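Trainee: Residues annotated as transmembrane segment in TrEMBL: 22-44, 234-252, 264-286, 293-312, 318-341, 381-401.
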């Protein structure tokens, strides 16, 4: 059912009283643990420097023990091989005979073998990680992004369970209750809020709504309504793609901090700190700018700077990190904007369902994000090219969505904004259109 003039009928509460502040801070408090759990995989799933283990039982001389692992060049840096060693039986024979590597024996001619006795990991940064505990290196290296995906899958399950619990620390939305015809419950919540805000509530808050609720049957809505008509189907699919790509970019850039030049903890701090100005910028954009252009500009910024990284010389590491952080800035701001934009596009009867569906779509992106980082094993710039291209495309897609800035929140499906090129009934947006006209509009989309 429709809830006309909800803002006017509930204006007696004020905009920022104790009730609103308590709800805001309780919701904010429930988000804090997500930061710890969501980014912890950067450290617990990192791969420290490693080399083949040379067991003490081999009884090699010091010279042969130091030369048992071949050197190789990787990204312009010479290091010990991470997956091969010289055949242990061969170099043991040389060691027993007193031969010296590089003097009596040309070591590069010795046959190599895999790390049959396991690996030796650098322990200066981590005591242990998932990788060191399960030896997810060399031929098992492909399992590393799988563990990260399983981690984010667990976050998805935990979000569902904790969400059910948090829905009980917070009162139901009176606006949604009205849309379901539950007028008495909506009034009870507002009267309780009025007491907390120390204001006087009217004797009857939703008098006109009460009269309508007695004669009007509430139509149930479910997730199928997100694709019922061409207009809402286009909006739902477009937002689903945008949320998925945003999640890929955000979590991939967060996970990639362990691969950046410099100290991992400093890089992670910078990656987190850049989100503060990103959220402030998103807040300012949402207050003063059109939603489509807010989302497009931040997505376009994030995508373009990631594409520029491949054009930099390899020795400009600091500039590469700066561009990656700028890309993280754009993606983070866009992620913040898309939440508000999505809520404004959908009507009250579907708002929670739509946000939940889009959030589920974003989890597909977070589960996929580790594999984008894994592509860097084949080409350093491949993850940036793919993420940058997808982010720019999603920014262009956002321009096709309807505008919701300075528009009243839709209460029913009839009140939803329509995509560009769709026919729309003239007159007030709060006037419901008939069922026959709705069918005609749907047929034209």
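Even glycines carry a Cβ here, placed using N, Cα and C.
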Trainee: Under 8 angstroms, Cβ to Cβ: which one of 234-252, 293-312, 318-341, 381-401 has the largest number of such pairs with the transmembrane segment (264-286)?
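Mentor: The listed stretch sharing the most Cβ pairs with the transmembrane segment (264-286) is 318-341.
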Trainee: Under a Cβ pair cut-off of under 8 Å, which of the recorded stretches 22-44, 318-341, 381-401 contacts the transmembrane segment (234-252) most often?
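Mentor: Per the Cβ count, the answer is 381-401.
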Trainee: Could you tell me what the rest of the chain brings near the transmembrane segment (381-401), counting residues at least six beyond its ends with Cβ under 8 Å?
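Mentor: Answer is 234-235, 238-239, 241-242, 245-246, 248-249, 252-253, 256, 291-292, 295-300, 302-307, 309-310, 324, 327, 330-331, 334, 341, 345, 372-373, 375, 419-420.
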